[in-house]
Amino acid sequence: METWQELKVTVKREGEELVSNLLIELGAQGVAIEDSMDYVGNVDRFGEIFPEVEQQEEIVVTAYYPDTVDVTVVEADLQARISELTDFMDLGELKIGTTALAEEDWADNWKKYYEPARITHDLTIVPSWTDYEATAGEKIIKLDPGMAFGTGTHPTTKMSIFALEQVLRGGETVLDVGTGSGVLSIASSLLGAKEIFAYDLDDVAVRVAQENIELNPGMENIHVAAGDLLKGVEIEADVIVANILADILIHLTEDAYRLVKDEGYLIMSGIIKDKWDMVRELAESAGFFLETHMVQGEWNACVFKKTKDISGVIGG
């Protein structure tokens, strides 16, 4: 019987995406997240409130490796990679532990973290292996979160979808920068966007996004490609959305202003509290005006508008 190894990394919440992606780059076959914030204010589909859970500043990233991988080498490589990034982000004191799993345990552990989740009034994210009957008017996003890009329920993703729901009216062109699982592209299509162009620097993300898009019928209007932010892109868009770390977002704003049509929008998420002022200042210096600012826990998201009429924007 094949066995698997479970490697758990305890890290500050803002390090979730960074550590998850590093673990995948170091050979993980899947990653799951345990975050006490996921239970705050949650209700199930019948309206029942989940029990109170003590809130922690740290989350646990669990990575799965086949027994052919030497996880001690993975641990050492992970520590080395993170030490190079400590100037950009305080991840706290890493705690790392490993456990051996049988193959059937791997399958059970992998899927137990993922349940259907109502993200907005109209959109529900459903794991690809789950039978789910939609209610009247409910739109379903099928996702297979099997390669670490999450289930779409992280606060940064939720706020991105809220923002898309705010600005999309139908018929728009959308650029999805750092698409990851492809969830924001799929959401954009369901919310009426005419054409979506999704980019990611990571070849794994490009493949996973394409696979998730194929799980959802009618998504022929989504085009996925490898790309480094918006470098070399010449497609004008009504909306640009980027759910990536703040230290990467700051390299996006000038190209975004070049490509967003007049009266169009730039949505940015994945911004920790300490980086918010920096991101806002750079977006405004590029020419955008802040229209909406959202906060959930440590995370910030925002909607900026490219407009000459500033009467309806913050500070206008």
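For all residues, glycine too, the Cβ spot is worked out from N, Cα and C.
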- Task: Pick the one from Asp144, Asp200, Asp228, Asp262 that Swiss-Prot also lists for the S-adenosyl-L-methionine site with Thr157, Gly178, Asn243.
- Result: Asp200
- Item | Span of the S-adenosyl-L-methionine site, taken as the largest CA to CA distance across Thr157, Gly178, Asp200, Asn243 (Å, rounded to a whole number) | 16
- Task: Quick one: of Thr157, Asn243, which of the binding-site residues has the smallest count of other CB atoms within 10 A?
- Result: Thr157
